[in-house]
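The structure appears right after this line, and notes come after that.
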Amino acid sequence: MLTELAARARARLDPAHWDFFAGGAGDERTLRANEEAFQRLRLLPRVLRATGPRDLRTTLFGTELSAPLLVAPTAFHRLAHPDGELATARGAAAAGTVLVVSMAATTPVEDIAAAGGPLWFQLYPQPDLEFTAAVVRRAERAGCRALVVTVDSPVFGRRERDRRNGFTDLPAGLVCEHLRDGTGRVRDIVMDADLGWERIDWLRGVTGLPIVLKGLLHPADALLAVEHGVSAVLVSNHGGRQLDGAVATVDALPAVVKAVGGQVPVLLDGGIRCGADILAALALGAGAVLVGRPVLWGLAAAGADGVRQVLDLLREDLDRALALAGARRPADLTGDLVAARC
Ligand SMILES: Cc1cc2nc3c(=O)[nH]c(=O)nc-3n(C[C@H](O)[C@H](O)[C@H](O)COP(=O)(O)O)c2cc1C
């Protein structure tokens, strides 16, 4: 469905930048597995259920979304399009959904907020706690409505494509804007291998924003996350960019949903490419899904308009899939919709 847009994006992008966006870690097993796991699912639809009109609206932390579909945090949007994160924010707002702003954004969160639309902020906690707290306060002041803490990155995944291409630095003029400190100097981002649960407790003391823990796959971690007071968990393997060989997210989802037992919403990202993928994730217990690369393809192909197109397309496809499966609302979906894995 989105392949034509991806081809347009590829044609417009510097090949090294395409590889940065498209690639994964290692042999890209997990990158492929995310999509393949959805393709293996077979659905068992119901009939004669009076499925019109559908209502896809979903509320998360008090924000109403046009569908259970958000924009995942991804780095360096100005590599994809000159308008960068501003275009992504405009596209997401036009589609009626939330953009999760990356800690590695190439546009400051204050400017992205001015482009309109609800935002969440993604954080890589830095070993410098004072600096980390200052970043969180920036996100709060800019109006972000949740803090997404990424915990699958104690070290950088090994990205073979970037190594091959010698892609190590952003081009002149682009920086990670959220790594500027008080003096205007731009710090290097640190993947903190010493991060532990106490940092989540600390963050809860720093901010009143809902905390979404991003990048867990194991049900025991989901349970710990709930015990440590997070407001949602996000089942993610970073789009196959961290531990190559990690389980596909839709395969990890049912055990996480079971462990969490409805105490907080369970979100999912990785490999969502059409309405039926969203349908399956919702049926297996996800409260909403996020998309990463498809939005980048829209952005690279046509800026804000391309982002809106991708999100509209996915929402419309979910609407059709819901009707065809015999449901009117996401909440009507149940696990028996997923009949088999082939
Ligand atoms: C180019 C790229 C950059 C990313 N940058 C970040 C990031 O800065 N922070 C983060 O938490 N996740 C990051 N991710 C992971 C995404 O948030 C998300 O987990 C993943 O893209 C979902 O898979 P999908 O691309 O198949 O939809 C990035 C992913 C890609 C493809």
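Yeah, the Cβs are placed from backbone N, Cα and C, and that goes for glycine too.
Source: prediction; values computed, not measured.
Feature annotations, reproduced from TrEMBL:
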ACT_SITE  HIS238  active site, proton acceptor
BINDING   73-75, SER102, GLN122, THR150, LYS214, SER236, 269-273, 292-293  FMN binding site
BINDING   TYR124, ARG159, HIS238, ARG241  glyoxylate binding site
DOMAIN    1-342  domain 'FMN hydroxy acid dehydrogenase'
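The Cβ of TYR124 (glyoxylate binding site) lies under 8 Å from the Cβ of MET103, ALA104, THR150, SER153, ILE189, VAL190, MET191, ASP192, each of which sits 6+ residues away along the same chain. Taking a Cβ distance under 6 Å to any atom of ligand 1 as the criterion, the binding-site residues ALA75, TYR124, ARG159, ARG273 reduce to ALA75. The Cβ of PRO73 (FMN binding site) has VAL100, VAL101, SER102, MET103, GLN122, VAL148, THR150, LYS214 as same-chain neighbours under 8 Å, each 6 or more residues away in sequence. Ranking the recorded positions ARG159, LYS214, HIS238, ARG241, ARG273 by how many Cβ atoms sit within 10 Å of each one's Cβ puts LYS214 at the top.
Of the residues the record lists as binding glyoxylate, namely TYR124, ARG159, HIS238, ARG241, the two whose Cα atoms sit farthest apart are 19 Å from each other. Across the fold, the C-alpha of ALA75 (FMN binding site) and the C-alpha of HIS238 (active site, proton acceptor) stand 12 Å from each other. Sequence-distant neighbours of ARG293 (FMN binding site) (same chain, 6+ apart, CB under 8 A from its CB) are ALA6, PHE21, ALA22, THR74, GLY239. Within 10 Å of the residue listed as 'active site, proton acceptor', judged by CA to CA distance, lie the following binding-site residues from the set ARG159, ASP269, ARG273: ASP269. ASP269 (FMN binding site) and ARG159 (glyoxylate binding site) are 20 Å apart (CA-CA, integer value). ALA75 (FMN binding site) is surrounded by 17 other CB atoms, counting those within 10 A of its CB over all protein chains shown.
According to DSSP, ARG293 (FMN binding site) sits within a helical segment.
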